[in-house]
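Okay, so here's the structure we're looking at.
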Amino acid sequence: MAADRQLQIIDISQKLRPGVPVWPGDTEFAQAGTWQMGEGSPVNVSALTLSTHTGAHADAPLHYAEGAPDIASVDLSAYLGECLVVDARGCGELVRPEHLPDLQGAARVLFRTYDQFPHEAWDAQHSAIAPSTIEALAAQGVVLIGMDGPSLDPQDSKTMDAHLAVLAADMRVLEGLVLDGVAPGRYELIALPLPIVGGDASPVRAILRELPDA
Ligand SMILES: Nc1ccccc1C(=O)C[C@H](N)C(=O)O
Ligand SMILES: [Zn+2]
Ligand SMILES: [Zn+2]
């Protein structure tokens with residue numbers, strides 16, 4: 001019986017720290033001490049201020065549809081399981097259906113659009129996903145779409161067509177992933193949102209784990 005070798009874990013999350021790039025005008029990340037050890041307290045405790053869309057995060061349907069489920073209500077199964085990482089670098093402004101490879105039946109698809117993730121600066125020109133691509137994914141049974149960009153839609157979108165295509169297909173969304181150096185292929189995705197009641201999104205600790213040898 002071969003020893004169970006440790007399956008490689010790839011952390012695809014942004015570090016949450018002051019200055020982490022956020023959507024223009026959105027809440028900046030901040031962390032403040034509430035109690036400090038040595039000042040009459042036996043422990044250190046701090047408080048966080050951050051946008052629900054900070055770093056690697058999961059949008060709730062509530063983000064793009066009034067009255068739709070919040071992030072505490074979504075079923076967790078979409079955020080846990082086999083996924084396909086697709087190299088979508090060089091696709092231009094929109095990842096289109098013609099850019100899709102054979103999905104090999106994957107239920108979760110993550111798009112890499114950056115050569116190098118912009119950890120220190122907001123990228124207003126980030127790639128987005130064409131609504132027709134989302135419709136093509138849904139037609140193939142995809143339940144979750146993820147990407148390294150900060151939004152499925154272009155920054156200047158006022159109609160949020162990609163998010164509305166996700167709503168129509170009831171797909172789940174991950175944005176702000178860090179896919180630098182992740183080879184295209186199949187992995188196990190683990191990226192569970194926090195149960196924030198009323199939340200329009202939640203930061204996630206997103207990881208990929210190599211699949212055991214078939
Ligand atoms: N923080 C925001 C505030 C307003 C509008 C968009 C954002 C975004 O961060 C984009 C978002 N992640 C999205 O799901 O499109
Ligand atoms: Zn978002
Ligand atoms: Zn979004």
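Cβ coordinates come from backbone N, Cα and C, glycine included.
Predicted, not measured: the structure shown is a model, and the values here were computed from it.
Summary of the site annotation: TrEMBL records Zn(2+) 2 binding at His163, Glu175. Screening the candidates Asp59, Asp70, Asp75 against this entry identifies Asp59 as the one listed for that site.
The record gives His53, His57, Asp59, Glu175 for Zn(2+) 1. Within 8 Å of the mean position of their Cβ atoms, the other Cβ atoms in that chain belong to Thr52, Ala58, His63, Pro150, Ser151, Val173, Leu174, Gly176, Ala201. In terms of Cα distance, none of the recorded positions chosen from His57, Asp59, His63, His163, Glu175 sits within 10 Å of Trp23 (substrate binding site). On the backbone, the CA of His63 (active site, proton donor/acceptor) and the CA of Glu175 (Zn(2+) 1 binding site) stand 13 Å apart. Counting other CB atoms no more than 10 Å from each candidate's CB, the recorded positions His53, His57, His63, His163 peak at His57.
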